[in-house]
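Q: Quick one: structure below, then a few questions.
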Amino acid sequence: MCDGNRRWAREAGFTDVSHGHRVGAKKIGEMVRWCDDVDVNLVTVYLLSMENLGRSSEELQLLFDIIADVADELARPETNCRVRLVGHLDLLPDPVACRLRKAEEATVNNTGIAVNMAVGYGGRQEIVDAVQKLLTIGKDEGLSVDELIESVKVDAISTHLYTSGQPDPDLVIRTSGEQRLSGFMLWQSAYSEIWFTDTYWPAFRRIDFLRAIRDYSQRSRRFGK
């Protein structure tokens, strides 16, 4: 969870907080490489929540451009990563959504680390969408109301999440000192380990990343047992 771009810019003395977003965007490619270096084969980057879409039009336009640039960078042939979009692209301007889809399509056959780009994403909405899709399929198959109710099970819902077919996250990292999930992968992170740091995202270093990995490796995961 790449948080703290604006606060970093203000505390660094920049009058234009957009500088924080730009520096933070450059950090994403670095972080993906760090993950690849320690054999992490799947990472999800929370770039824009549904709530973020309520920000000013000026800031949103900047964010849209930056996010599209991130997608373009990840889609470069030398990265060999596989981009997957999770969220509501229909909430984005068409040109931005188009660039994101092109990045996803261009990397579909790559063999490197998988990178989920969470854009226009909301954890609650993801669950709602999954249940609605499950019920719609059941309705189309002619299931009765009782059968539809019976069809709503944990595994069935998981099958229709944006991240269907992927494992749940082992570790969630959030920068900037905020200690909450803010809607991030609410279903999938039920038993994820969570690591918080006061460091703002633009200042997040490889050593910080490795500390998170080391801390995670020393935890005993019981999955509620």
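Numbers run from 1 along the shown chain.
Every residue gets a Cβ built from N, Cα and C, even glycine.
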Q: GLY4, ASN5, ARG6, ARG7, TRP8, SER49, MET50, GLU51, ARG55, ARG174, ARG180, LEU181, SER182 bind substrate in Swiss-Prot, but which of HIS19, HIS21 does that record place at the same site?
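A: So, going by the record in Swiss-Prot, that would be HIS21.
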Q: Report the same-chain neighbours of SER49 (substrate binding site): residues 6+ apart in sequence with Cβ closer than 8 Å to its Cβ, ordered by sequence.
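A: The answer is ALA118, GLY120, TYR121, GLY122, SER182, GLY183.
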Q: Quick one: of GLU51, ASN52, LEU181, GLU193, which recorded positions lie within 10 angstroms of ASP3 (active site), measuring between C-alpha atoms? Sequence order, please.
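A: Taking GLU51, ASN52, LEU181, GLU193 one by one, none has a Cα falling within 10 Å of ASP3 (active site).
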Q: Select one residue from ASP3, GLU51, GLU193: among these recorded positions, choose the one with the most other Cβ atoms within 10 Å of its Cβ.
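A: The residue with the densest Cβ neighbourhood is ASP3.
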Q: Just jot down the residues in the same chain as LEU181 (substrate binding site), at least 6 apart in sequence, with C-beta under 8 A of its C-beta; none if empty.
A: MET1, GLY123, VAL172, ARG174, SER189, ILE194
Q: In sequence order, what residues of the same chain, 6+ apart, have a Cβ less than 8 Å from the Cβ of ARG6 (substrate binding site)?
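A: Counting only residues 6 or more apart in sequence, the Cβ neighbours of ARG6 (substrate binding site) under 8 Å are VAL17, GLY20, HIS21.
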Q: Cα distance, TRP8 (substrate binding site) to GLU193 (Mg(2+) binding site), nearest Å?
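A: That comes out at 26 Å between the alpha carbons.
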